[in-house]
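**Q** Sharing a structure here in structure tokens format.
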Amino acid sequence: MKIGVIGAGSWGTALSQMLATKGLNVNLWARRPEVVASINANHINQRYFSDVTLSSNIVATVGYEDCLMNAEAIAVVTPSNLLRGVARALAAAGAADDLPIIICSKGVEAVSGLLPTQIFEEEMGNVSRLAVLSGPNHAEEVIAGMPAATVIASRNADTTSFLQSVFATENFRTYTSTDVVGVEVCAACKNVIAIAVGLSYGLGYGDNTASLLITRGLAEMGRLVSALGGDALTCMGLAGTGDMIATCMSQHSRNRRFGERLAAGGSLDDFCEETHMVVEGALASKTLLPLAKRAGVELPIAEVVRQVVWEGADASKAAIELARRPLREEFYGLS
């Protein structure tokens, strides 16, 4: 079996290696010709995991047509702000109408406020072949073969079942869900909360504060999931609580590390340049709020993160203002 993977960043590389180690052949699309050359000649991704020898089952390419060739499914693993361009490129390259596409990116489109599968449905149609993958899946641990689990959500049972079997390995357990909206909203929200947790540790606060932010972040997540038609129970699963814990508490987490750096006076541009990574939580702090406003949902933690990241608000003062919010019943807005 052959799988196409769009995106040769850390997560795309880790997924490709996992699939290839399982015995599948992988067409890996990369934006940079030098990355393609390095993978094909030396089995090394020189920008990510340069100490890992990649499987010979992985063949890199800069062409969408080559990535699609003989592929039985496509995994999209790019930053969320590139998703519409990827969908258009796949359509232009002749992707079959029934080709399963699993989106492993997390976020909300800035202009439209659309979630990843909504973008692909708008550009490519046939929502039944679309799925999303999300969970506590740090690329560093997945590529090392450490045990992990994820959830694959689709509105179509055949699509879900097929992709579940494709991505399942001895060390990577796959669960299924029909709550596509819930999984996608959880995926976007948790990155924002991780920045807040990083800010709190960077300001010298402790584990109590981090736990406060995580649990209240889960409440924000649950309110938004419910308002958008998803199942709040999804927030208790791998895409919600699972990914929230991993993203907020691990030093692998770029979003948490960025929050710590921001508290110390660092900038978003400098962090991205150093790590060669996009901080999805920074983007989501802007894009989630208009979506929540239209749904009539408050996201106070996300609002504070937005102010600190994009408006240069003082993190210490913002934390004080957050603590001064009116006292409420714990589960307000959740049923």
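One is the number of the first residue shown, and numbering goes on along the chain from there.
Note: Cβ is positioned from N, Cα and C throughout, glycine not excepted.
So TrEMBL lists these for the protein:
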DOMAIN    2-158  domain 'Glycerol-3-phosphate dehydrogenase NAD-dependent N-terminal'
BINDING   G7, A8, G9, S10, W11, G12, A139, R254  NAD(+) binding site
BINDING   S10, W11, R31, R32, Y48, K106, A139, R254, V278, E280  NADPH binding site
BINDING   K106, R254, N255  substrate binding site
BINDING   K106, G135, K190, D243, S253, R254, N255  sn-glycerol 3-phosphate binding site
DOMAIN    179-318  domain 'Glycerol-3-phosphate dehydrogenase NAD-dependent C-terminal'
ACT_SITE  K190  active site, proton acceptor
**Q** So, by DSSP, how many helix, strand and coil residues make up the domain 'Glycerol-3-phosphate dehydrogenase NAD-dependent C-terminal' (179-318)?
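**A** The domain 'Glycerol-3-phosphate dehydrogenase NAD-dependent C-terminal' (179-318) comes out at 111 helix, 0 strand, 29 coil.
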**Q** I need the most crowded of these binding-site residues: R31, K106. Count other C-beta atoms within 10 angstroms of each C-beta and give me the top one.
**A** K106
**Q** Using DSSP reduced to three states, classify A8 (NAD(+) binding site) as helix, strand or coil.
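**A** Its secondary structure by DSSP: coil.
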**Q** Could you tell me the C-alpha distance between G135 (sn-glycerol 3-phosphate binding site) and N255 (substrate binding site) in angstrom, no decimals?
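**A** So the alpha carbons of G135 (sn-glycerol 3-phosphate binding site) and N255 (substrate binding site) sit roughly 15 Å from each other.
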**Q** By a 10 A CB contact count over all chains shown, which of the binding-site residues listed here is most packed: A8, A139, V278?
**A** A8
**Q** Measure from the CA atom of W11 (NAD(+) binding site) to the CA atom of V278 (NADPH binding site) and give the result in Å, rounded to a whole number.
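**A** Given the Cα positions, V278 (NADPH binding site) is 12 Å from W11 (NAD(+) binding site).
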**Q** Compared by Cα position, which of the binding-site residues R31, K106, K190, D243, S253 is the closest one to G9 (NAD(+) binding site)?
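**A** Going through R31, K106, K190, D243, S253 one by one, the Cα closest to that of G9 (NAD(+) binding site) is R31.
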**Q** Within 10 Å of R31 (NADPH binding site) (Cα to Cα), which of the binding-site residues G7, W11, R254 do you find?
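**A** Within 10 Å Cα-Cα: G7.
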**Q** Please identify, among the binding-site residues A8, S10, G12, K190, the one with the smallest Cα-Cα distance to Y48 (NADPH binding site).
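**A** Sorting the binding-site residues by distance from Y48 (NADPH binding site), the top entry is S10.
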**Q** Once near-sequence residues are set aside, which residues in the chain of N255 (substrate binding site), 6 or more away, have Cβ atoms under 8 Å from its Cβ?
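**A** Within the chain, N255 (substrate binding site) has Cβ neighbours under 8 Å at N191, V192, A194, I195, G198, T247, V279, E280, G281, A282.
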**Q** What is the number of other Cβ atoms found within 10 Å of the Cβ of D243 (sn-glycerol 3-phosphate binding site)?
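**A** Within a 10 Å radius of the Cβ of D243 (sn-glycerol 3-phosphate binding site) lie 26 other Cβ atoms.
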**Q** Taking the Cα atoms as reference points, how far is K190 (sn-glycerol 3-phosphate binding site) from A139 (NAD(+) binding site) in Å?
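**A** Checking the Cα atoms of K190 (sn-glycerol 3-phosphate binding site) and A139 (NAD(+) binding site) gives a distance of 16 Å.
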**Q** Round to the nearest Å and give the CA-to-CA distance linking W11 (NAD(+) binding site) with K106 (substrate binding site).
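**A** Given the Cα positions, W11 (NAD(+) binding site) is 12 Å from K106 (substrate binding site).
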